[in-house]
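Below is one structure, written out as C-alpha cells; comments come after it.
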Amino acid sequence: MFRLLSWSLGRGFLRAAGRRCRGCSARLLPGLAGGPGPEVQVPPSRVAPHGRGPGLLPLLAALAWFSRPAAAEEEEQQGADGAAAEDGADEAEAEIIQLLKRAKLSIMKDEPEEAELILHDALRLAYQTDNKKAITYTYDLMANLAFIRGQLENAEQLFKATMSYLLGGGMKQEDNAIIEISLKLASIYAAQNRQEFAVAGYEFCISTLEEKIEREKELAEDIMSVEEKANTHLLLGMCLDACARYLLFSKQPSQAQRMYEKALQISEEIQGERHPQTIVLMSDLATTLDAQGRFDEAYIYMQRASDLARQINHPELHMVLSNLAAVLMHRERYTQAKEIYQEALKQAKLKKDEISVQHIREELAELSKKSRPLTNSVKL
C-alpha cells in the first residue's frame with residue numbers, strides 16, 4: 001500500500017530511494033569490530049539472487065552510499081592526501097590514488113564489474129607497498145560496491161576488514177565512521193534474517209551516539225565545531241530511521257513510530273521543516289500511524305508532508321502523494337483518494353518512474369473495487 005522513502009542526511013549521507021511496504025519481508029542489522037583479520041581474502045563476487053524480497057536492493061543501495069567511505073574520514077582528518085602531495089608521494093602511491101579515482105568513476109558510471117577489477121589492482125598494490133591507509137580506503141570502497149550489488153556476504157567481510165583496520169589505527173569505537181560501518185553491517189544482518197545481530201547492531205549504533213551526544217553537548221566550539229555536532233545528530237537520525245524501518249517491516253509499528261518521531265525531531269531541528277528528508281520522515285511516520293489504524297493522525301502528517309513536497313517540488317513528490325492517497329482510502333475518502341492518486345500518477349510519469357507508475361495503477365484498481373459497492377448502494 002505504501003512506499004517508504006529513505007532520507008539523505010547532511011553532507012549527502014543517503015540518497016533517496018523509495019521502497020514499497022506491502023508484502024516486504026526484509027529484516028534489517030552489525031557485528032562489531034570483530035571478524036576477519038587485516039589481510040582478508042576477498043571473496044569472488046557473486047551476483048545477488050533475485051529472490052531476496054521486494055524492495056530490498058533499493059534500500060541496500062541507499063544505505064551503501066549514505067556517507068563518504070568511512071576510511072575517507074580518517075584520511076581527511078590526518079590530511080593524508082595533502083601530506084602525501086607535499087612529501088612527493090612515490091610512484092606506487094600515485095598509482096594507487098589514480099586507481100581509486102578510476103574505480104569511483106566507474107561506480108558513478110554504473111560499471112560495477114570494471115570498478116571491482118580496478119579496486120583489486122589497487123588493493124594488491126597497497127599490500128605490496130604496505131600502505132595501510134590505502135588498504136583501509138580500498139577495502140571500504142570494495143565493501144560499499146559489494147553492498148549496492150547485493151553481495152551481502154562479501155560486503156560483510158569487507159566492512160569488518162575496514163573496521164578492523166580503522167580500530168587498529170587508533171580510531172575509537174564511538175567514532176562516526178565506525179558507527180556508519182556498523183549501521184551498514186546491521187542492514188546486512190537484517191536482510192539475512194540474523195535478527196539477534198541485527199537488533200544488537202541497531203542498539204549499539206543508537207545508544208553509542210546518544211551517549212556521545214550527551215557527553216559532547218557542552219563542549220566549546222573551539223573544541224568541537226557546530227558542524228561536527230550536527231553531523232553526529234544527523235547520523236543518529238539515520239540510525240533511528242533505519243531501526244524504525246526494521247521495526248515496521250517486523251510488524252512492530254508502535255515501536256517504529258517512536259523511532260520515527262525522534263528522527264523527525266532531529267531533522268526538523270537541524271535541517272528545517274522544508275528539507276526534503278524532513279518531508280520523507282513525515283511521510284514515513286504517517287505510514288507507521290496508518291499501520292496502527294490511527295488514520296486521522298496519519299492524515300495530519302501525510303497532508304503536511306504533501307503540502308511541503310509540493311512547495312519545494314520534492315524529487316519524490318509522486319511517492320508522497322501516493323502515500324497520502326492511501327491514507328485517504330483507509331479513511332474511506334474515495335473521491336479525494338482518486339484525485340490524489342491521479343496527480344501522483346501524472347508526477348510519476350513525468351519522472352519516468354515506471355515502478356511507481358505500476359504501483360499507483362494497482363492502487364487505483366484497488367480503489368475502484370472499494371468504491372464501486374458504495375456507488376451501487378447510493379444508486380439503490
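Glycine is no exception: its Cβ is also placed from the backbone N, Cα and C atoms.
What Swiss-Prot says about this one:
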| type | residues | note |
| --- | --- | --- |
| TRANSIT | 1-70 | transit peptide |
| REPEAT | 136-169 | repeat 'TPR 1' |
| REPEAT | 179-212 | repeat 'TPR 2' |
| REPEAT | 237-270 | repeat 'TPR 3' |
| REPEAT | 279-312 | repeat 'TPR 4' |
| REPEAT | 318-351 | repeat 'TPR 5' |
Overall pLDDT of the repeat 'TPR 1' (136-169), taken as the mean: 94
The repeat 'TPR 5' (318-351): DSSP-derived helix, strand, coil residue counts: 31 helix, 0 strand, 3 coil
Cβ-Cβ under 8 Å with the repeat 'TPR 5' (318-351): same-chain residues at least 6 beyond its ends: 1-3, 5, 18, 279-280, 283, 286-287, 290, 295-296, 298-299, 302-303, 305-306, 309, 357, 359-361, 363-364, 366-367, 370-371, 374
Tally of DSSP helical, extended and coil residues in the repeat 'TPR 1' (136-169): 30 helix, 0 strand, 4 coil
